[in-house]
Amino acid sequence: MNIIQSGINVKNASITIIIARFNEFINKNLLSGAIDTLTRIGQIDKEKILTIYVPGTYEIPIVASYIANTNKYDAIIAIGTIIKGSTDHFKHIANDAYSNLSRISTKYFIPITMGILTTENIQQSIERSGTKMGNKGSEAALAALEMINIMKKLKKINN
C-alpha cells in the first residue's frame, strides 16, 4: 500500500494571497495570520509571497484564475469575509466564490485554500480572525503548505 502524506515546511515555494478589501478590518487579521504562518512555520521568504488586494470576495476568483494560468505560483490563499445580511446576497456571493475557486483549483492543478469567512454576524467574524476561534487565515496557510508538498509528491510519482 502506498500512502502520500506531507508536512508543512516548504522553503522554495511561491504563494499568492488574494485578499478582499471589503470588511478589511477583519481581513487584515486573517492576512497577518496567513503571512505569519507562511514565514515562521513554512519558512517561506516574504519575497516569495505576492499579496493582491481586490474590492470584495466576489472578485477573488477572476484574479485566482489569472494567477493559476501563469503557472508561476505553487498555491493561492483566498482571504475575505462575507457576513450574512437581511437578504440572500450573502449566499450568492459565498456560493459563487467557493464554486469558482474550486473549479479553478482543479482546472489548473493548483491548491487554492480558503481563508474566506462566511458568518452570521460581525462577532463571529472577529472571533475567527484571531480571537476565540483561532485565525482562519493561518489555517488556510497551513493547508496551502501541506497541499504544496502533496502536489510535489504527486508530480514526482507521475514523472
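Just so you know, the numbers here start at 1 and follow the chain as drawn.
Heads up, the Cβ atoms here are built off N, Cα and C, so glycines get one too.
Annotated 5-amino-6-(D-ribitylamino)uracil binding site per Swiss-Prot: F22, T57, Y58, E59, T81, I82, I83, M114, in sequence order, evidence recorded as sequence analysis. Taking the Cβ of T81 (5-amino-6-(D-ribitylamino)uracil binding site) as reference, residues of its chain lying under 8 Å away and at least six apart in sequence are, in sequence order, A20, F22, N23, I26, N27, L30, T57, I116, L117, T119, S125, S129. Under the DSSP three-state reduction, T81 (5-amino-6-(D-ribitylamino)uracil binding site) is assigned to strand.
The (2S)-2-hydroxy-3-oxobutyl phosphate binding site feature in Swiss-Prot is assigned to S86, T87, R128. Within the same chain, no residue at least six positions away from T87 ((2S)-2-hydroxy-3-oxobutyl phosphate binding site) has a Cβ under 8 Å of its Cβ.
Around H89 (active site, proton donor), no same-chain residue at least 6 positions away in sequence has a Cβ under 8 Å from its Cβ. Per Swiss-Prot, the feature active site, proton donor maps to H89; the stated evidence is sequence analysis.
Mapped onto three states, the DSSP output places M114 (5-amino-6-(D-ribitylamino)uracil binding site) in strand. Using Cα positions, the member of the binding-site residues Y58, E59, M114 nearest to S86 ((2S)-2-hydroxy-3-oxobutyl phosphate binding site) is identified as Y58. Here M114 (5-amino-6-(D-ribitylamino)uracil binding site) is positioned 13 angstrom away from R128 ((2S)-2-hydroxy-3-oxobutyl phosphate binding site), judged by their C-alpha atoms. In sequence order, N23, T57, F90, I93, A94, A97, I116, L117, T118, T119 are the residues of the chain that are 6 or more apart from I82 (5-amino-6-(D-ribitylamino)uracil binding site) and have a CB within less than 8 Å of its CB.
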